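Engineer: Okay, these came from TrEMBL:
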- 285-566: domain 'ABC transmembrane type-1' (DOMAIN)
- 602-822: domain 'ABC transporter' (DOMAIN)
- 795-975: domain 'ABC transmembrane type-1' (DOMAIN)
- 1014-1274: domain 'ABC transporter' (DOMAIN)
- 30-51: transmembrane segment (TRANSMEM)
- 63-86: transmembrane segment (TRANSMEM)
- 98-119: transmembrane segment (TRANSMEM)
- 131-153: transmembrane segment (TRANSMEM)
- 159-176: transmembrane segment (TRANSMEM)
- 285-309: transmembrane segment (TRANSMEM)
- 407-440: transmembrane segment (TRANSMEM)
- 510-531: transmembrane segment (TRANSMEM)
- 805-826: transmembrane segment (TRANSMEM)
- 833-852: transmembrane segment (TRANSMEM)
Amino acid sequence: MASLRNLLGGFSLICEGKLDFGSFCIQRSIIDVINLLFLFVFYLLLLVSCVKKHQRRVVDRRSWISLLVSICCALISILYIGVGLWNLIAKNDGFNNLSWLVELVRGLIWISLAVSVLVKKSQWMKILISAWWVSFSLLDSALHIEILFRAHSIEIFDIFPWPVNILLLFCAFRNFNHLARKRAEDESLSEPLLEEKEEKNQRELCQASCLSQLSFSWINPLLSLGYLRPLALEDIPSISAEDESNLAYQKFANAWESLVREESSSDRRNLVLWAITKVYFKENIFIAVCAVLRTISVVSLPLLLYAFVNYSNQEEENLHEGFVLLGCLILSKVVESFSQRHWYFASRRSGMRMRSALMVAVYQKQLKLSSLGRIRHSTGEIVNYIAVDAYRMGEFPWWFHSTWSLVLQLFMSIAVLFSVVGFGAIPGLVPLLICGFLNVPFAKILQKFQSEFMIAQDERLRTTSEILNSMKIIKLQSWEEKFKSFIESQRGNEFKWLAKQQSLRPFGTVLYWMSPTIVSSAVFLGCALFGSAPLNAGTIFTVLATLRSMAEPVRMLPEALSILIQAKVSFDRINNFLLDNELKNDEVRKIPLQNSDTSVKVQAGNFSWDPEISLTLRDVDMEIKRGQKIAVCGPVGAGKSSILCAMLGEIPKLSGTVHMFGSIAYVSQTSWIQSGTIRDNIIYGKPMDAHKYEKAIKVCALDKDINSFDHGDLTEIGQRGINMSGGQKQRIQLARAVYNDADIYLLDDPFSAVDAHTAAVLFNDCVMTALEKKTVILVTHQVEFLSEVDRILASSDMSILDFNIPFATIFLVAGATEVIATIGIMAFITWQVLIVAILAMIAVNYIQGYYMSSARELIRINGTTKAPVMNYAAETSLGVVTIRAFNMVDRFFKNYLKLVDTDATLFFLSNAATEWLVLRIETLQNLTLFTTAFFLLLLPKNQVTPGIVGLSLSYALSLTGAQIFTSRWYCNLSNYIISVERIKQFMHISAEPPAIIEDNRPPSSWPSKGRIELQELKIRYRLNAPLVLKGICCTFQEGTRVGVVGRTGSGKSTLISALFRLVEPASGKILIDGLDICSMGLKDLRMKLSIIPQEPTLFRGSIRTNLDPLGLYSDDEIWKVNQLMTVTSKGFNNELFESFYLPYILVQGLEKCQLKTTIIGLPNKLDSSVSDEGENWSVGQRQLFCLGRVLLNRNRILVLDEATASIDSATDAILQRIIRQEFSNCTVITVAHRVPTVIDSDMVMVLSGGNLVEYDEPSNLMERNSSFSKLVAEYWSSCRRSRYQNFSSYQ
């Protein structure tokens, strides 16, 4: 009791001898004692931990906010100690002679708080100091509030520690949050890693508490991780079950199907829009409620401002009424903040579901799209439906709710205006209505510009995609300038509509800035005329605040209407696509293999790619028994591939029946390879069976290729198999079919891209041995294999950047200026608010930095997740026939769902993180607003006028919006810069040599002879990669025909690439007529060389533009070329032709090449259309077009790179004769797998493993045991056997 009395006596001594627990001094002293107790325990624990653990580092490395709090605590400590020493030295303390001691103790407490922030803390230490910070902050804040209530003022000495106490409270909550998270992690350490991640995902996304969902705190762990280190895709939690794309699609599909069933011929409504409405109407009711609450809160703020100004007009002070107004202000801002944040988040979440549903619907549709549908919708367009139209739906609900809520806000603001100024508001409605009516034509013009812009964008993207995919042939032909100008013209057209669209933006901006001034002037004029309201401070500032809330709809509605117009266009495009023709299930009846001996049965089949033109296949009747090997032969355009498509159900069936008994494997004529490993492309989603896998690799002659790769069958294949040779891609396709272990194999000319030896291996080991018990229908031009098959089908006579960056920069500067000006005006009236405002700005800056650490990575990762979605859709579109043939539609669909979900997760988390940031910024700036209102209530009545109160509050009410505007555009600009960084990276990729070197241009007549010299030529594709050509030395004499042969991968295509400088020599030279080709520009070189490439490439356009892309020749010259290509084999007495192709003639008869005949039969002749990649022409016909280009150019050097691989043998012989006749004085280099193609060449070059093995005349090579003679022997033996067997069978 004595000690207690002494303590109380000490209190009374300190507090002027009075012991009154209601006095502020006694309460301060009690807080000091509590702090000293915490201080004692803190230092005791710190001492124990240092002695016990012998820690070398006591100070913890914390974030800069901890350092800032520590510095603030230290400054306050210095302040207290300084005052205490002053009181002690100056002895200027009157009765209270212990005040110096009190100040020094408080200085010790604050310096200890500074240490506690920085010290390295154990778990118990964290709990102790967090409890200390919480107790001190709450007690000190309670004392200051009590002082303000009772004294209506506060000392400057108490103002500075108070905000620091708030920061300590924030640090304490951060510590508690870290401890809770660490405990949860420790408890889950025993769980398997996969289950841990799954539970974590569920906890974060699905099982968050109500408070966590309300404050978006469930995303804290991800942001915390992103702040500590850059995020990776593995750190991103999976999407919740209710947001998965499969669920979204199933809901949409059910609604779509019911609407399609109900649709009548007169029903013109957009079914996609109605299906989306049907599915997502209920969840958008919550969004609408949030939007209404936010609108009411925003509109109520001018009324609160009016009430505050009227309160300041009262002569008697009534704090109770003032604090009620403050409470209403706080409630209004809190409701506005939370309702707006959850409106934004929920609307974008709903948009994400819509986006996922439509992306999947478009993908699913392309898996079922008919051949006519594929002609109408190119691969580029389908990707555009996903990348542009469906993607746009992510923001559609937000803009939809913004539109109607802005209209509601406008009308409610008008109502508020009438309630304040009465009939004086009527004159203000006139300019407001004018602005509204001006938006109508504005919206219509905007709709037109947007539609035209999207059409132009589609065309440019499609052309760009086509050019990128065909870049090799463009470079070989030196067409870069032509296609560059074509892209630029399309970009110019796109930019024209974009410029018109963007030029309308200032119109909306002018309306936004001018309308408040014009309308307010009209309102004040109305008040003066009608006398409906006094023009005092309350009226003026309330009108201005109301007009500010009206200005938002005026500014936003045109943009909202523009976005809704864009969405309408996208809905229409997707609707048209989803309603397009699908493959009919009854085209082919697929029956599981049972005891039937029949594999394929077609009866009275009539098929046509386009029923409006003519029949492609007429009166087809066939029955193929199980295990039979059927060969399909015929000239170019005869319908060989169409027969296989008829069996697959890919070509529309007009009449008849098709039955397929058993599963199907299909190998397309044009190789379709997915991005991924070789193994992935072979097993194709099937379970791994090592024995079957090894067998497939061996029989498809892939074992040597795979062994030569550094990573074996795990070697990554680039997009569209860009890093594989044509033969390798074809054999991978074939291995995929073999591994699939189907019942029926449809092989569309699989041997065209490989040499004769490899073709023989594939036919004997794969087709005849590995597939011995399978049914095989083989389209082929290799007549040497015909003797081995059971039947031959002879097909004949069948008809067939970013423009937002400048805006972001301007808006950021404007927003920052507005925030600084607003705080300046508020501080001028109530300077105390400056302390809170500065601390709030510091905290905002920290939170923005904390957020951006994760947001940047989320944007970067999102960039890597969006591209695979589009690439997968493009790959699927190109290989949809193969996918359907292998019955892999479900697997591809599931894979696509995973890609869409991954992409949606990033969209979801990015929006959640944004709302997390904005909610916290709003909270901090609302504190500044509340502080301003609080101090305005406490100001003496005679100190400020109502006008000053209105001015301060009107600016304070706009502070939060200005800060959010600034922060959003700051974050947007940071995100846009990522796009700039990616473009910058692309720009720094080393370019190829210049097109023209002015100082070293060859003569215009060069090359006059066509002599080619290879001097120690060595080629590698990358700096440290192995050599592909290993010192080639030889000379191609002028006017000679040189045949280049070798196994697949021997370096034949690399030699051609070196000649055209697609790859630069590592060492050595290539001289043409004595000039080093590396010394001149690429255009000067390539314009003088002609090539018919291995893969025939056509571009979207017309026959004319494909034969003459540069527009250099007349129609007569083009028709002469077509005449050359429309020759008959009649009278062609070439001994080689008669020797090798007589059996084929007996089977087939003499046929025409049919290119000119085909073109003449088309309505538009040379202007007839060519679809994407020439898909509406057969591969052989495409090759004839490539020949036509060469015949027009007539250069001295001609290269044929497997140019006739896709043409039947008879046509090949005819074309070789044409080439000999038309290019008799030229140097012709022929890379070929067919021996007859090169056997009558002047010289033959044999390559093996990048080395020159042989180079001599074919007759000399045949006389000795050469590599070439072995190739010829293999070919002749098979052909002779085929010839005699076929001849005897047809006798």
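Cβ atoms are placed via backbone N, Cα and C, with glycine included.
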Engineer: Decide whether the stretches the transmembrane segment (159-176) and the transmembrane segment (833-852) have at least 3 CB pairs under 8 angstroms, with pairs required to be 6 or more apart in sequence.
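Structural biologist: Yes; at least 3 Cβ pairs under 8 Å.
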Engineer: Taking 3+ C-beta pairs under 8 angstroms (sequence gap of 6 or more) as contact, is the transmembrane segment (63-86) in contact with the transmembrane segment (510-531)?
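Structural biologist: Counting Cβ pairs under 8 Å (6 or more apart in sequence), the transmembrane segment (63-86) does not reach the transmembrane segment (510-531), since there are fewer than 3.
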Engineer: Which bits of the chain, at least 6 residues beyond where the transmembrane segment (833-852) starts or stops, bring a Cβ under 8 A of a Cβ in it?
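Structural biologist: Same-chain contacts beyond the flanks: 63-65, 68, 159-160, 163, 166-167, 170, 223, 227, 823, 826-827, 913, 916-917, 920-921, 924-925, 927-928, 931-932, 935, 963, 967, 970-971, 974.
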Engineer: So, does the transmembrane segment (407-440) come close enough to the transmembrane segment (30-51) to give 3+ Cβ pairs below 8 Å, pairs being at least 6 apart in sequence?
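Structural biologist: Not in contact, no.
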Engineer: For the transmembrane segment (131-153) and the transmembrane segment (98-119), decide whether they are in contact, meaning at least 3 CB pairs lie under 8 A, counting pairs 6 or more apart in sequence.
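Structural biologist: As far as Cβ distances go (cut-off 8 Å, pairs 6 or more apart), the transmembrane segment (131-153) and the transmembrane segment (98-119) touch.
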Engineer: What mean pLDDT does the predicted model reach across the domain 'ABC transporter' (1014-1274)?
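Structural biologist: Average per-residue pLDDT within the domain 'ABC transporter' (1014-1274): 74.
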